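Just below is one structure, and these are the notes that go with it.
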Amino acid sequence: MFERIQVLITALLLAAIVIWLQFYQLETQSLLDQFDFDAAVLWAEPWRIFSAHLFHLDTQHAISNAIGVLLPTVFFLRHFTVRTWLNAFIIIAASTSIIIWLWGAPSRFVGLSGVIHGLFVTGLLLDWGSHQYHRSQWLLPTVLALLVVKVVLEIAGLMQSSLLLNAGADFGYIHAAGILGGLIAWRLHRRYLASIAKQSKPAQRSPH
């Protein structure tokens, strides 16, 4: 229980940092240009791979995403420690930025929404995996499928969000990259759990 509280506190601290950065950048106009995702200078300024996810274009979007990152954390709290939650966040953030760079669109972005989508995917798959991916657990794969459909509709221009209108028409690609990042984080998380399970097995004595 204490470990779950630690994970929640970590997510709350991250949400607080996101909101604080939004108000801080309002006083420092050039800050966004220095820390957003910019494909043209990404590898010359690699901190943008991570910093882009912590900044937002307006206060409403920042607050919404600060709340948004707490939702998958709370829903799937039992599957994480502070270490594995931070690992998932970092992996999803890095994967999202790199995938977007490979796609070539959008050329610039800020915001946590891609990471939020990735955390939902990681959490859903971990939760489903805890039930051995049994067909009776139909709700989890259904939610996952609906999330993918939502992103496909966003990319096709058939679904819009008033919160993301100022992010341009490419936010669907950001969410899709986040989903792929979530798959990567889930896979690495499973390998990590498997390695722990293997180490915890008592060593078998060889016969004499």
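Glycine residues also receive a Cβ, built from the backbone N, Cα and C atoms like all the rest.
What TrEMBL says about this one:
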type: TRANSMEM; residues: 7-26; note: transmembrane segment
type: DOMAIN; residues: 45-185; note: domain 'Peptidase S54 rhomboid'
type: TRANSMEM; residues: 59-77; note: transmembrane segment
type: TRANSMEM; residues: 84-103; note: transmembrane segment
type: TRANSMEM; residues: 109-126; note: transmembrane segment
type: TRANSMEM; residues: 138-159; note: transmembrane segment
type: TRANSMEM; residues: 171-188; note: transmembrane segment
Seminar exercise, completed: On average, residues of the domain 'Peptidase S54 rhomboid' (45-185) score a pLDDT of 91
Exercise. The transmembrane segment (171-188) vs the transmembrane segment (109-126): three or more C-beta pairs under 8 Å (separation of 6 or more)?
Worked result: yes
Exercise. So which of 7-26, 59-77, 84-103, 138-159 has the most C-beta pairs under 8 Å when paired with the transmembrane segment (109-126)?
Worked result: 59-77
For this session: Could you name the stretch, out of 7-26, 59-77, 138-159, with the greatest number of CB pairs under 8 A to the transmembrane segment (84-103)?
Result: 7-26
Exercise. Going by DSSP, how much of the domain 'Peptidase S54 rhomboid' (45-185) is helix, how much is strand and how much is coil, in residues?
Worked result: 102 helix, 2 strand, 37 coil
